[in-house]
Amino acid sequence: MNIIDELAWRDAINQQTNEEGLRELTENTSISLYCGVDPTGDSMHIGHLIPFMMMKRFQLAGHHPYILIGGGTGTIGDPSGRTTERVLQTMEAVQHNVDSLSNQMKKLFGKDAEVTMVNNYDWLSELSLLDFLRDYGKNFNVNTMLAKDIVASRLESGISFTEFTYQILQSIDFYTLHKKHNIQLQIGGADQWGNITAGLDLIRKKEGPEAKVFGLTIPLMLKADGTKFGKTAGGAIWLDPKKTSPFEFYQFWLNQDDRDVIKYLKFFTFLDKEEIDALAEKVEKEPGKREAQRRLAEEVTRFVHDDAALEEAQKISEALFSGNIKDLTIEEIEQGLEHVPTVEITKDAKNIVDWLVDTEIEPSKRQAREDVSGGAISINGDRVTDLDFAVDPTQHFDGKFVVVRKGKKNYFLAKVMD
């Protein structure tokens, strides 16, 4: 299957220029293509995966991806999708973010020979104002720039000249990469269409209308309920394991809605049509088993992290679901219970009823007695029904904390104060 046809089957194309021309080009030759990301932070989140999954598919189809880290444009800020001006970062912060994102990209795309990393600071920093105006500014019509959505949406609230010129800088990127590396395709999110087409126009003005260059954007990813994909009540889901643990990352995908899971399997995994169709049938006939969600979580966690991180996430998930947490390490407990209600306690042993009330896990002694007697309370993986039981924080997990399970799903973490 041609890469363009595969992307169409996966519903991964929003807009593209000259579909037949791009299909013919990718059918007969190996092309170079690029996608850019500005270093606004020191980690990508799962929203960034959307265009880079497409880049990975091109790579697997025998094409060569170039990843542009915007060390130059990152000092200015992309107005796309913004209603307000970005706060400018220091050069030191930008460079730190460039280094961090470069490392993440190499992990996703593999060996240096299979992907080329570039930084637009290398050429934009050498561009003088006079050269910018004479060699590039002359090729841009202000009326055309004002009509593009990325600018038009900001005219009422106001846009600085700095952000107004962003599309020129991104166009210079495309032109520079085309001239130096024969890059013929730029990929971006749906909000990048205006910037991408501006780059195509610049190349054709500089190189001639016969230049074989193309643009392709990915659809805006929305959940079945109409809300934006990638956000949770706790904020963004990051690719950096220090910001979002592999367990939390795994759980995010595991908890996807039946209405969304097949769409995400198409987009975020490398499973083929036969495998995805089989999982779609299971969603239809046996939704309670959630096999599609489990496969989605496995595939994406393995791709972003690795097999070891996936196995750890699965181990924690199974332990917390079953309540058998005794075999978990301290680090695994902390990872799995990072977002549960947490209280501070002393090392002193105390009667379970009093202890549950003191930690505010139970609202009253009456409720505490009822839950303990009814078998609803587990301490460090053991169900406790004895009202005379003494909670001793020093007995498990090196005396660092006590894990409480109330009912089947509610966990609490009581940390021992130093």
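Cβ atoms here come from the backbone N, Cα and C positions, even for glycine.
Noted in Swiss-Prot for the protein shown:
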{"type": "BINDING", "residues": "Tyr34, Tyr166, Gln170", "note": "L-tyrosine binding site"}
{"type": "BINDING", "residues": "Lys231", "note": "ATP binding site"}
{"type": "DOMAIN", "residues": "350-416", "note": "domain 'S4 RNA-binding'"}
{"type": "MOTIF", "residues": "39-48", "note": "motif ''HIGH' region'"}
{"type": "MOTIF", "residues": "228-232", "note": "motif ''KMSKS' region'"}
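Gln170 (L-tyrosine binding site) falls within a helix when secondary structure is assigned with DSSP. Note on Gln170 (L-tyrosine binding site): other Cβ atoms within 10 Å of its Cβ, all shown chains, come to 27. Other Cβ atoms within 10 Å of the Cβ of Tyr34 (L-tyrosine binding site) number 23 in total over all chains. Residue pairs drawn from Tyr34, Tyr166, Gln170, the listed L-tyrosine binders, are separated by up to 18 Å at the Cα level. The average pLDDT computed over the domain 'S4 RNA-binding' (350-416) stands at 94.
Broken down by DSSP into helix, strand and coil, the domain 'S4 RNA-binding' (350-416) contains 19 helix, 22 strand, 26 coil.
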